[in-house]
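**Student:** Mind having a look at this structure? Questions to follow.
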Amino acid sequence: MKKQFLNYYEILSQVWFNKYTIILVLMTIKIYLFTNSILSNLTNFKAYTESICTSLDTYSTVIASLPEQLSKVINHMVASTLNSMKMQSLKMLMTIITIIKSLIVFYIDIFLGTYICILTAAIGGTVDFALDSTQSVLKSVNETIISVSEDIQDGLNGLSKVINTLLSGVDKVKSFFTNQDTDSTEYVDKVNLSIKALQNIKIPNSVLTDIDNFKDKVPDFNELQNTSKLVSKPFEIITQELNESAHFKNITVDQLKLASTPPVNFCSNSLDIDKFYSNLAKKVQFTSNIIIIVLLIMAMFAIASLVVVEYFKWRKSQRMINEILADKNQESYFVSTRNIMNKYNSSLIYYIEKFVTIPPSRKDNLYWLLSYITTPYSLTVLIIGLAGLFTVMLQFIILQIILKSFKSLTTELTGFKTQIITLMDNATSSYIKETNSYIGSQQKSINDELFGNIRTASTSVNSTINDFLMKMNTTINSVFANTPFSKPVNTLVYCTIGRKLIKIEQGLTWIVENLSVSLPQLPKNLTEDFMTNYSKDNHGIHKLTDNVTSGITFLLDTYKKSLLIELYISSAILGIWILQIIIGLTLIWYRSSSNCKARKPEKIQGEPTIGNPKPLTTEQRKEYGYPHIDPFNEKVDASSSIYSL
């Protein structure tokens, strides 16, 4: 009889397309297609990123030029403000200079002229009064002296005779004692001369001439009247210098510096898109190749493993036949044969039986449950579910590599905003610093050139006023120093002129010490305010970077959704296999309940006998999976593959 089964070597010819290898090959194909899809999308997204990058650079350049554009507007405002303020200050200052000069000159002229007239009139009237009084006094004195001298002369003439007689006697007595002659007429002459001198006493008319001449010596202050010209001269000089000063020419916008526009090519220079996507594609391709190689190795390993498995299954089939033949005389031959076949058909039960000791009370239910969940149908569901989960995991690994790389790209794109803000902040700060420095130099020039001249003029006027006061005092003292008019005149001049001039001098001194201008400068927080407003309003750059990040997110989300669908499907398939466990446990519970009912004693009618089971036909053996030959009547060929089922 020819054999109708496959031997071991014939079975090996079909091992290479076993279900495990086929699943691994399908997983490899899935990974390959997934990788190609990602690489294709990366190529498309590379072009999109380059387009966005170009737009980002263009927009960033426009944004970075905002400080320069802003500085142009500010420069116009600063130049216009400085020019207007300088011209208005110049006009106001020249007006003030003219007013001050005119007031000082007017004040000096009006008081000096007024009080020269007052002094001249007062002194002239006083001199005239003194002259008239002196003339009357002189006339009266002269007449009195002449009258008195004549009366005295008459008395002296009589007295002279007596004295002369007496003197003659005295001379004689003296001559008697001294033997010298004495001339007594000497004394008479002296007496007569004294009377003549008294007669000649007369207040000269030159006194009247001196008093009259004193009136002509009243100071006219002609030298002091030149003070007006001296006071006016510094003001005229400063007016001329201000008109000729170059610092008061109009400031042009070109003289002010503009905020620099930094070159902004972050995306083009800092971000090498070609290199990024090339490296990313290499990473994806490398990871995919590794996964595919591993899967192919696993497929080859599955083939090799099944070769070994088939070998052991062939050996187990021979042992199974031997055990069946050994149990052919047992009463439970049918159940025992099926248990033996089940043990050898299930590798899991076979090795548990071989290496694990299980209580007999639980062995049947455990082996039955293992047989139920490891049938070819259940194992197919389990393998497909696990293979699906494993495939999803591998695809997630590839996707995670892309996600990690894109995070660095997104970080760089997001960092562009910070870099642009930093550049704009530096440019704006530098511009504000330079502009404030220029305004400070203009302020110094105005204080030095404009108010410096004012201070010079004030000092000169102060000096002139001091000279004026000194000359005025000198002039007055030269005339009235030793006269009764000295103190009143000095008091009058001080109260009317000197006091006012001292106040003017104090005012000019205050101007010298306090005259300065402080120009307003650009606020330092202008940069902070500008950058704060920019950060709130820079939707453009946000939109561009968000387009890239949203595109990346959309791409990754699409693949994630696809993988999640695969994950759900694989989990559902695996859940079906887990459901088999629940069904198996339910069937065990149901079978245990049925067995308990079957064990209940029933009333037996008649004498119990044990019947002989009816042998199965050939068709029934084939239907139930038993050997379709009778092992008791025919010789069994143990090389049949039927026992490997």
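Note: Cβ is positioned from N, Cα and C throughout, glycine not excepted.
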**Student:** If we trust Swiss-Prot, are T58 and T456 on matching sides of the membrane?
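**Tutor:** That fails: Swiss-Prot puts them on different sides.
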**Student:** Can you say which of 184-205, 250-271, 624-645 is given as region 'Disordered' in Swiss-Prot?
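**Tutor:** Spelled out, Swiss-Prot records region 'Disordered' over residues 624-645, not the other listed ranges.
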**Student:** Among N142, N345, can you tell me which residue Swiss-Prot lists with the annotation N-linked glycosylation site?
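**Tutor:** Checked Swiss-Prot: the N-linked glycosylation site annotation sits on N142.
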**Student:** Of the residues N41, N462, give the one that Swiss-Prot describes as N-linked glycosylation site.
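**Tutor:** My reading of Swiss-Prot gives N462.
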**Student:** Cα of N426 (N-linked glycosylation site) to Cα of N473 (N-linked glycosylation site): how many Å, rounded?
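**Tutor:** Between the alpha carbons of N426 (N-linked glycosylation site) and N473 (N-linked glycosylation site) there are 67 Å.
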**Student:** Give the mean pLDDT for the topological domain 'Cytoplasmic' (311-378) on the 0 to 100 scale.
**Tutor:** 66
**Student:** Validating a neighbour-count step here. Other CB atoms within 10 A of the CB of N426 (N-linked glycosylation site): how many?
**Tutor:** 15
